[in-house]
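Contents: one structure, followed by commentary.
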Amino acid sequence: MKTQTKVMGGHVLLTVFTLCMLCSAVRAQLSPDIYAKSCPNLLQIVRDQVKIALKAEIRMAASLIRLHFHDCFVNGCDASVLLDGTNSEKLAIPNVNSVRGFEVIDTIKAAVENACPGVVSCADILTLAARDSVYLSGGPQWRVALGRKDGLVANQSSANNLPSPFEPLDAIIAKFAAVGLNVTDVVALSGAHTFGQAKCDLFSNRLFNFTGAGTPDSTLETTLLSDLQTVCPIGGNGNKTAPLDRNSTDAFDNNYFKNLLEGKGLLSSDQILFSSDLAVNTTKRLVEAYSRSQYLFFRDFTCSMIRMGSLVNGASGEVRTNCRVIN
């Protein structure tokens, strides 16, 4: 059979049949229709609230994707990243004063609870919000399998081991492999850096003294380097931000990969996908392919999001009333 796609208003809609053929199996306890009777308006409620959030701050789309990523990489997609407390994942080094969007999830949860009290998990709400953030920014849409439970504990130590923008490519690939994701997932999910912002603290090491020899990262395009040195001077405010993709700051597209071919990746972990020695036999060809075909990127990104969203720890857990605390 032929796979089918529809292009609608700039969005790519991949059919369920196509996704089933292209992506690895979703965990058995997850189903797109699990709330069809218990919360029939769930999808519309979440999308409406995400629209409101993006209208208030367009950057929130990228923030919700990142929040979902940081959740799924620690104990699976169980909304543990949303929990408050002394061992909160929010306080882990990669997350503190960095990961954002918690208030948006609170607002969505309140709207869902008003319609369907005690039915829908925070983990499912976060997964749907991430999907809608992509779609509403011009990216692909896909059916989200639902039925995740909310975790009962946070894991700050594991959150401290999230993939870092300062790590070499082999370390990043290994961390993805440790949770069951492959090299294609590394590149496709990195494509989420096609929108959003990054703080100077996350890339200023590339601008002046990258190797300890007093020189910048040689893979960084010179005009971009000069601009970034102005934005993030030595001794400057590390909390200032720069767009991850200057070509289309708030749009979900394949410009991120085109940037990498020109040495315009903002983070070291972005540019090494194309420019590092290890990339030659691992990630470089995918970067080149995605730069040529937005459809191919959208297809693989969708599959990677489905795989990542299927990282769950069995059926244990609960449906939290408040996403910040266990019941």
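For all residues, glycine too, the Cβ spot is worked out from N, Cα and C.
Marked as signal peptide by Swiss-Prot: 1-28.
What Swiss-Prot records for Q29 is pyrrolidone carboxylic acid, and it gives similarity to another entry as the kind of evidence. Neighbour density for Q29 (pyrrolidone carboxylic acid): within 10 A of its CB lie 15 other CB atoms from the protein chains shown.
Annotated disulfide bond per Swiss-Prot: C39-C116 (among others), in sequence order, evidence recorded as sequence analysis. Within its own chain, C116 (disulfide bond) has Y35, S38, C39, N41, L42 as residues 6 or more apart in sequence whose C-beta sits under 8 angstroms from its own. Look at C116 (disulfide bond): DSSP puts it in coil.
Among the features that Swiss-Prot reports, Ca(2+) 1 binding site is placed at D71, V74, G76, D78, S80. Long-range neighbours of D78 (Ca(2+) 1 binding site) (same chain, six or more residues apart, CB within less than 8 Å of its CB): D71, A123, R148, K149, D150, G151, V312, N313, G317. According to DSSP, D78 (Ca(2+) 1 binding site) sits in a coil region rather than a helix or strand.
On its own chain, C77 (disulfide bond) has H68, D71, A123, L126, T127, R148, M308, G309, S310, L311, V312 as residues at least 6 apart in sequence with a Cβ closer than 8 Å to its own Cβ. For C72-C77 (among others), the entry in Swiss-Prot reads disulfide bond, with the evidence type sequence analysis.
What Swiss-Prot lists as disulfide bond is C122-C323 (among others). Within 10 Å of the C-beta atom of C323 (disulfide bond) sit 22 other C-beta atoms, taking all shown protein chains into account. In the three-state DSSP assignment, the secondary structure recorded for C323 (disulfide bond) is coil.
Listed in sequence order, the residues of the same chain lying 6 or more apart from N155 (N-linked glycosylation site) and placing their CB within less than 8 Å of its CB are V74, N75, S80, N87, E89. For the recorded site, N155 (N-linked glycosylation site), the DSSP three-state label reads coil. The N-linked glycosylation site annotation in Swiss-Prot covers N155 (among others).
Sequence annotations record features per position, and here Swiss-Prot assigns substrate binding site to P163. The 10 Å shell around the Cβ of P163 (substrate binding site) contains 22 further Cβ atoms across the protein chains shown.
Annotated N-linked glycosylation site per Swiss-Prot: N182 (among others), in sequence order, evidence recorded as sequence analysis. According to its DSSP assignment, N182 (N-linked glycosylation site) is coil.
The annotation heme b binding site is assigned in Swiss-Prot to H193 on the grounds of sequence analysis. A helical conformation is recorded for H193 (heme b binding site) in the three-state DSSP classification. Around H193 (heme b binding site), the same-chain residues six or more apart in sequence whose CB sits under 8 Å from its CB are L244, D245, Y256, L266, L267, D270, listed in sequence order.
Annotation comment: Swiss-Prot describes T194, D245, S248, D253 as Ca(2+) 2 binding site, evidence class sequence analysis. All protein chains shown were included, and the count of other CB atoms within 10 Å of the CB of D245 (Ca(2+) 2 binding site) stands at 27.
Under the heading disulfide bond, Swiss-Prot lists C200-C232 (among others), citing sequence analysis as support. DSSP gives C232 (disulfide bond) a coil state; it is part of no helix or strand.
The N-linked glycosylation site annotation in Swiss-Prot covers N209 (among others), and the record cites sequence analysis as its basis. Long-range neighbours of N209 (N-linked glycosylation site) (same chain, six or more residues apart, CB within less than 8 Å of its CB): T215, P216. Classification of N209 (N-linked glycosylation site) by DSSP places it in coil, neither helical nor stranded.
If you look up Swiss-Prot, you'll see N239 (among others) marked as N-linked glycosylation site, on the strength of sequence analysis. Listed in sequence order, the residues of the same chain lying 6 or more apart from N239 (N-linked glycosylation site) and placing their CB within less than 8 Å of its CB are N97, K199, C200, D201. Secondary structure from DSSP puts N239 (N-linked glycosylation site) in coil.
Swiss-Prot lists N247 (among others) with the feature N-linked glycosylation site. In sequence order, N255, K258, N259 are the residues near N247 (N-linked glycosylation site), counting only same-chain partners six or more apart with C-beta under 8 A.
Same-chain residues at least 6 positions away in sequence with a Cβ under 8 Å from that of N281 (N-linked glycosylation site) are not found in this chain. The feature N-linked glycosylation site is assigned by Swiss-Prot to N281 (among others), with sequence analysis given as support.
Under the DSSP three-state reduction, N281 (N-linked glycosylation site) is assigned to helix.
Within 10 Å of the C-beta of N182 (N-linked glycosylation site) we count 14 further C-beta atoms, all protein chains included.
Candidate recorded positions: Q29, P163, N182, C232, S248. Nearest to C122 (disulfide bond) by Cα distance: Q29. Cβ neighbour count within 10 Å across all protein chains ranks C72 highest among the recorded positions C72, V74, C232. Among the binding-site residues listed here, namely G76, P163, T194, S248, D253, G76 has its C-alpha nearest to that of C323 (disulfide bond). Other than the site residues D71, V74, G76, D78, S80, same-chain residues with C-beta atoms no more than 8 angstroms from the centre of those residues' C-beta atoms, the Ca(2+) 1 site, are C72, F73, N75, C77, A79, V81, E89, A123, G151, N155, N313.
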